[in-house]
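In what follows, a structure is listed as structure tokens, so that the remarks can point back to it.
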């Protein structure tokens, strides 16, 4: 293995086609992202078949662009990393098959990467991970608290018992009447409202780090339905603020409690919802008050991208994790199954 390790990484788990060249797990030489938001906006959400077709159309040119932007060739690449799951199976297979083709044609190791592990390692691209740490994972499909003793060590200490936080945001956004993608729209609207609606904060058991957002989601939907039935005025900004404050209060409260209990050196935030301005502000304030070292990636690294897959892929490569040409994609994958004890 050369002193400088270059990873070509591919991410296609949902509605972004992305290819990145990462040096030594931390330096981004290129990170090309093709977004499909405009294509899915008219449907009000991601349509799996449409997503897969866009990946097929864009994957080859995205690979070429990533290599050209990094001023490198496949001969310089040490390994090919690709998202194995979780995600939309058709979308995943486009990236996996492209990665297999490159690995086979150029005789490079093939590295399977868990999508959420990638989100965790997005932090490492801007600020070194400091173990032990707690990772708050917040996305459209995941809400988890993960304890990490060291690189590639994942222990889930809390998770949602029903809806993921991003799922709740999207449903509330649609009920308010906001366009896709709903999460950022709610966040932007919440900045202009007041916490005037009494929505529940679901804490569950006293010592539990688990989450539940289905009750809150239903409370918001029912409140809006009842107000509309009565013909009463709805302050949409206040609804957004009240909903977001309910979400953020629970997320921050449980996360800070976990950090104290596990005596960690760092709190990192991972996933698309990590770009939420309200969450970032509340976490920053809480961590400052409790003397907790906080790391949240830049918004461009919170959403799906291949740079994060390359960062995680580098450490998997160093640990000797590779796959053969039988590599498959999966809708659901437990991050603990990807844990490597060093």
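Here the Cβ of each residue, glycine as well, is placed from N, Cα and C on the backbone.
Predicted, not measured: the structure shown is a model, and the values here were computed from it.
What Swiss-Prot records for the substrate site is 137, 138, 139, 140, 141, 170, 183, 187, and among 265, 276, 290 the residue it adds there is 276.
Among 291, 304, 324, only 304 appears in Swiss-Prot as part of the Fe cation site alongside 115, 119. Of all the binding-site residues in the list 139, 141, 276, the shortest Cα-Cα distance to residue 304 (Fe cation binding site) is found for 139.
If you measure from the Cα atom of residue 115 (Fe cation binding site) to that of residue 137 (substrate binding site), you get 11 Å. Per-site Cβ counts within 10 Å over the binding-site residues 141, 183 peak at 183. Taking the binding-site residues 115, 119, 276 in turn, the residue surrounded by the fewest other Cβ atoms inside 10 Å of its Cβ turns out to be 115.
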